[in-house]
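**Q** What Swiss-Prot records for this protein is below:
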- 11-156: coiled coil (COILED)
- 186-234: coiled coil (COILED)
- 303-380: coiled coil (COILED)
- 506-519: compositional bias 'Low complexity' (COMPBIAS)
- 574-583: compositional bias 'Low complexity' (COMPBIAS)
- 592-604: compositional bias 'Low complexity' (COMPBIAS)
- 621-639: compositional bias 'Low complexity' (COMPBIAS)
- Ser500: phosphoserine (MOD_RES)
- Ser506: phosphoserine (MOD_RES)
- Ser507: phosphoserine (MOD_RES)
- Ser509: phosphoserine (MOD_RES)
- 496-552: region 'Disordered' (REGION)
- 574-658: region 'Disordered' (REGION)
Amino acid sequence: MMELERRAYSKEVHQRLRKQVEEIRQLEMLRAKLQTQINVAQSQVKRLGDKKHLAEMECLLKSRAQVQVEIEALQEQNRALDKQIQDWETHVLTQSKEASAPDLIMYQKMKIQRRIRILEDQLDRVTCHFDIHLVRNAALREELELLRIERGRYLNMDRKLKKEIHLLREMVGALSTSSTSAYTAREEAKTKMGMLQERAEKELAQSDTEAQILLRQISHLEQLHRFLKLKNDERQPDPRVVQKAEQRDWEVSEGLRKTSQEKLVLRYEDTLGKLAQLTGESDPDLLVEKYLELEERNFAEFNFINEQNSEIHHLQEEIKEMQEALVSEHASQDKQRMQQEQQCKMLQQDVDKMCSESEQLEGRFQVLRGQLEKIKTDIQVLFDKAKCDSSVIKDLLGVKTYMRDRDIGLFLSTIERRLVQLLTVQAFLQVQNLAPLADAALLALGQSLQEPSKKTTPLKPPDTMEDSSGAVIKEDYPMSKEELLSQVMKSLQLQDEEESAKKLDSSPSLTLSSPQISLVTVPKHSKKTSVVPESILSHKTNRGRGTGSVSHVTFGDSASAAGPVAMASASASGAPVSSRSSQGGRGGFKPTSSSSYLGSTGYLETSRGRESTAGGVHSQSMGSELSRGLSSSSGHASSPAPPSRPSSSTSKDSRGYN
């Protein structure tokens with residue numbers, strides 16, 4: 001029992017000790033942490049930071065009082081402003097109650113209407129400015145389209161030239177490869193020729209040596225043959241020799257003559273003595289040895305001389321061959337030089353021929369250019385004589401002191417429309433005294449009567465659909481110089497044929513003022529113009545309001561005119577009104593609308609787009625500008641017709657404001 005208690009007590013003590021040790025360890029850790037914080041807080045940097053923070057806190061506390069005072073002042077101002085606002089609200093309320101008088105209401109309505117008119121005028125000016133900019137944008141789009149087409153042509157030409165350059169480079173590469181292979185084959189052939197020549201030279205030298213050896217052997221054999229022949233001849237008995245031999249034998253027998261051996265010995269002794277005197281050597285063996293050496297040396301020299309002679313002969317042959325080769329080379333060079341000179345002469349002739357052709361083409365170009373300039377000048381003169389409207393052309397092309405080549409079609413189309421108008425007016429003036437006004441209007445519009453009172457020749461405007469030659473001109477882009485020149489030349493030929501036909505038929509010519517105006521037919525695209533333009537006796541009514549506005553165009557005097565006629569569109573009812581005055585040959589009528597006029601010059605799409613986007617707005621500013629331009633271009637020979645209303649009173653109908 002005691003043991004159990006002791007164990008329990010010891011266990012409890014141990015647990016308590018462990019807890020105390022754990023608490024001591026935690027306290028020590030906390031102490032170390034606090035000590036670290038104390039050390040950090042007691043550092044110089046912390047003290048400086050604390051001082052800085054204390055100073056900032058003092059400044060903020062001082063500024064807090066000032067800000068509080070300012071806030072109170074602003075609150076006082078807000079309260080004062082609120083009070084003033086309440087006072088003004090009460091004042092406005094009282095004034096609104098007192099503003100029920102009729103005069104004040106009328107005055108305010110007048111001010112509002114004046115403001116509306118000012119805004120409408122501003123809107124009209126902005127609309128006109130916008131229309132002008134649309135026309136300019138259309139011209140710029142056309143010019144951009146032309147530039148795009150030119151760019152496409154340039155790219156096609158550049159692609160073709162690049163393809164040709166690529167083909168030429170491939171051809172040059174093939175030629176260089178073939179020339180390199182030919183040069184390699186030539187070098188190989190030249191090397192083989194050198195080797196064959198060396199072999200031939202060696203074989204020739206060897207054959208020469210063998211020939212010399214054979215010749216030497218042949219000469220030796222010939223000498224041997226002669227020697228043997230001589231020996232054979234000596235062996236044959238000769239009578240004189242026999243006689244001499246007998247005589248010598250007799251002398252020998254008598255003792256009067258020595259034998260041949262003795263004579264030979266004596267002769268040898270004499271010869272040795274002479275040789276000893278000549279050479280200074282008395283020993284016969286030495287003499288024989290020297291003689292053999294001398295013979296060997298002579299034979300060696302003979303061989304050397306023969307070899308030198310053969311080599312000289314070989315060199316002479318080589319020199320002769322080289323001279324022949326040089327002569328042949330000089331001849332080939334002379335022949336090649338002659339061929340090159342002939343080629344140079346032929347090339348020079350070709351160059352001279354091309355230069356002459358280029359000069360002829362340049363002269364022809366200058367002549368054609370002069371003809372084109374003359375045609376442009378005549379077109380300008382015809383444009384001025386016809387008193388065509390130049391305001392639209394100035395708006396489209398800008399103010400220019402010269403006429404470009406691509407502008408000829410525009411000028412001709414304007415002249416054509418002007419001539420159609422003049423022809424219509426002339427036809428109407430011719431028939432106005434011979435038929436009633438309704439019949440005259442029908443005849444002017446190209447309609448035939450059931451029972452015509454007088455047979456008249458119908459005046460047909462130029463056919464703008466197709467040319468007699470079958471050429472069709474597209475208005476997608478302007479004509480080039482060559483196309484324009486061909487069309488003008490064809491039109492001139494047609495004009496000459498028409499003039500000759502007129503001279504043969506003796507028909508009267510159309511005159512405008514005093515000079516004669518020849519009508520040049522220029523093909524246009526898409527539509528044929530009717531006998532009378534759509535502007536004759538037409539009524540230009542507003543789409544939105546239902547009221548019509550009147551535009552007047554004045555022409556000069558005509559030689560064939562019988563009396564004045566004024567045609568204009570009436571009011572909203574649409575009945576035509578004709579007036580006659582005492583002035584001769586002066587007629588005014590409503591011109592073609594701006595949309596149709598722009599459509600005939602290639603800007604129909606732009607004008608239609610502008611009308612469609614306006615949502616029922618029909619702008620007549622361009623028509624008024626056309627009427628002003630036509631009336632001003634008539635000069636001193638015509639006077640403008642009186643307007644139907646004052647120009648200052650710009651209404652909503654004329655502006656097309658809906």
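Our numbering is plain: 1 for the first residue shown, then up by one each step along the chain.
A Cβ is built for glycine as well, from the same backbone N, Cα and C atoms used for every other residue.
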**Q** At a 10 Å cut-off from the C-beta of Ser500 (phosphoserine), count the other C-beta atoms across all protein chains.
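**A** The answer is 10.
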**Q** Take the coiled coil (186-234) and average the pLDDT across it for me.
**A** 84
**Q** Specify the secondary structure state of Ser500 (phosphoserine) as given by DSSP, simplified to three classes.
**A** helix
